[in-house]
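A quick write-up on the structure given underneath.
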2 protein chains.
Amino acid sequence: MKRNILVIPGDGIGPEVTTWGKAVLEEIAKGFGHDFSYDEALMGHAAIEVTGNPLPDETLEKAQKSDAILFGAVGHAKYDNDPSLKVRPEQGLLKIRKELGLYANLRPILLFDELLNASSIKANILKGTDILFFRELTGDVYFGEKTRSEDKNTASDLMIYHRYEVERIAHKAFEAAMKRRKKLCSVDKANVLESSRLWRETVQNIAKQYPEVETTHMFIDNAAMQLIKDPKQFDVVLTANLFGDILTDEASQIAGSMGMLASASVGESTGFFEPIHGSAHDITGKNLANPLASILSVSLMLEIGFGLLEEAKVIIDAVDQVLKEGYRTGDIADETTKSDQILGTKEMGQLVLKYIAQHIKSN
Amino acid sequence: MKRNILVIPGDGIGPEVTTWGKAVLEEIAKGFGHDFSYDEALMGHAAIEVTGNPLPDETLEKAQKSDAILFGAVGHAKYDNDPSLKVRPEQGLLKIRKELGLYANLRPILLFDELLNASSIKANILKGTDILFFRELTGDVYFGEKTRSEDKNTASDLMIYHRYEVERIAHKAFEAAMKRRKKLCSVDKANVLESSRLWRETVQNIAKQYPEVETTHMFIDNAAMQLIKDPKQFDVVLTANLFGDILTDEASQIAGSMGMLASASVGESTGFFEPIHGSAHDITGKNLANPLASILSVSLMLEIGFGLLEEAKVIIDAVDQVLKEGYRTGDIADETTKSDQILGTKEMGQLVLKYIAQHIKSN
Ligand SMILES: [Mg+2]
Ligand SMILES: [Mg+2]
């Protein structure tokens, strides 16, 4: 397969972790005989320093021409305590999502057995959890009309959905479910909300095109509860912008460690793949960052972006093996970790590369 | 203190559990020298059978004249599988809330040490959790204007708040915080929603009248996460209708057992106190129902409705003692419970009464 990948390392630990994400792409390309080419571009503080713009035109052009984007993080300490700075790193991220028409945010919650104890949920409840959230990203009450009365005493936000907005993300979610355990749970509040009733009837209609997928519907309040009570019941979860915002944050706590979670934003064309952790400028350049979320972003790119399921699985298996053998970066180490098994960014990256090569050979 | 209490046993296990709630009220009145008088009224299926109306006028009149209402549950199996029945038990509950102007729903999440293992959250995370939720009940996107376009392809719900709606529930929440650990966390989505910005600025203004209360603000997505990560950080949580619907359901799972949770709806005048479990018609009349949620509803009535903190605490201490000594009803028993300590409704009710009497005497 021939693919053109744009790497946007960004700020803070972004470049360090993205280095290993890219190295994994190269290892996979070599092992499976793919033709991946790479370009690189600036975004965030790094771009402001050079061009004055958090998303330079050149970056956007390269993004639009690429088949997928591997992103690190944006952000820098100088902006944190100075709200007066009008040009800010995060603006680059918001703008590129909008320009690329990224209407669906994907968040896999994949729990590695070795890290189950990091969560506040009991390990026996969590073991085996593997959820893929599809959160609608460009509609809902976040983008509907906002009003404030003249006397300032009444305020409103319009929760609004159009059928096509639900249809396009529903198709993506059902397609993903077909490649997974063929279960899809759509979350809404159709017993109270008209926009949820449109959501539900649209999902019900699309479901007819995917008869192999077992489709269920759940109210958001119940879903927030079920996610803690029995997370294993979920495969693909499809939901609106606000409800998805709440559920994915709740689910990231289920997972215990932010350092292991990847995310994708997809839409009309180029997909955008990133770790959910931020720029973490306090540990930048110290070989302390956990590269596994960036590496798992690459697995997501292969699975969701390119449909390369086997390649994606090799990466997950390699990460699983590293963890099973007891290796950890500092952020996921605990009192049972042997001190010589606490690895730096580079050592962890190299170990994953080694196991990927072994897994490819033994297949 | 002289108070007139209306008991509405309702349907299913409602009468069985309410019997013990009322018995606890009588024991407290005797022990502390209060003058509580009682009346009783019909609601739900029980009322439909007699009058054809799930909320007879007589019940509403009695409710309006009373100082507090102790409610059981409504619901009957015959309605569950027959959506064609237009007159339904639940309508009584919705109507009485509206008629009494009950704009605030209170849900305490009080975890008894002995039951910590019932939750899917780890016991060490939960131990000591004691949260009181204030959920706004008559506004928000649930009651704003709903639209559906003529072509049926666009649907909307208006998320709307008026300042007075936020003020009145905020006052109640701050007053409760003053009697507790003096911490209040207001949950909103003010980084995105105009109605949340009104919510936040209103709460900030009211907070100035309660300088002793440590007030914080949290976004709903973070709150859904923090509730699992570290529930002990919360004392009073104040939030809007939709966000409260989600958080209180999530929190009930934290508690592990529905059989122990009570709820109150308060507003302009008479408060309404009830267990959150339903009518459970499958176990009705079998002496199997757990009366503790009704008994804890009475504790809530004394604390929130009448400001009788010491009396409320005696009830909680008695329930705590029963549990510490190993007694359980079937729904909260586990493999460590001795078979002769699994009690029926009546035996559990009597034991709590006995301990209440002892606690009053020893004080
Ligand atoms: Mg969020
Ligand atoms: Mg609910």
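Backbone N, Cα and C define each Cβ position, glycine as well.
Just so you know, TrEMBL annotations are computer predictions that nobody has curated.
Matching B:ARG135, B:ARG181, B:ARG197, B:ARG200 to the substrate binding residues that TrEMBL gives (B:ARG97, B:ARG107, B:ASP221) identifies B:ARG135.
Largest Cα-Cα distance over the residues recorded as binding substrate, namely B:ARG97, B:ARG107, B:ARG135, B:ASP221, equals 29 Å. Using a 10 angstroms CA-CA radius around B:ASP221 (substrate binding site), the recorded positions that qualify from B:TYR142, B:LYS189, B:ASP245 are B:LYS189. When the Cα atoms are compared, B:LYS189 (site 'Important for catalysis') and B:ARG97 (substrate binding site) turn out to be 27 Å apart. The Cβ of B:ASP249 (Mg(2+) binding site) has 20 other Cβ atoms within 10 Å, all protein chains considered. Proximity to ligand 1 at the level of Cβ atoms, with a cut-off under 6 angstroms, picks out none of the recorded positions B:ARG97, B:ARG107, B:ARG135, B:TYR142, B:ASP245. This prediction places the mean pLDDT of the domain 'Isopropylmalate dehydrogenase-like' (B:4-352) at 94. Filtering of the binding-site residues B:ARG97, B:ARG107, B:ARG135, B:ASP221 by Cβ separation from chain A (threshold: under 8 Å) yields B:ASP221, ordered along the sequence.
Packing around B:ARG107 (substrate binding site) is summarised by its Cβ count: 24 other Cβ atoms lie within 10 angstroms of its Cβ, all protein chains included. Checking the recorded positions B:ARG107, B:TYR142, B:LYS189, B:ASP221, B:ASP249 for a CB within less than 6 Å of any atom of ligand 2 leaves B:ASP249, listed in sequence order.
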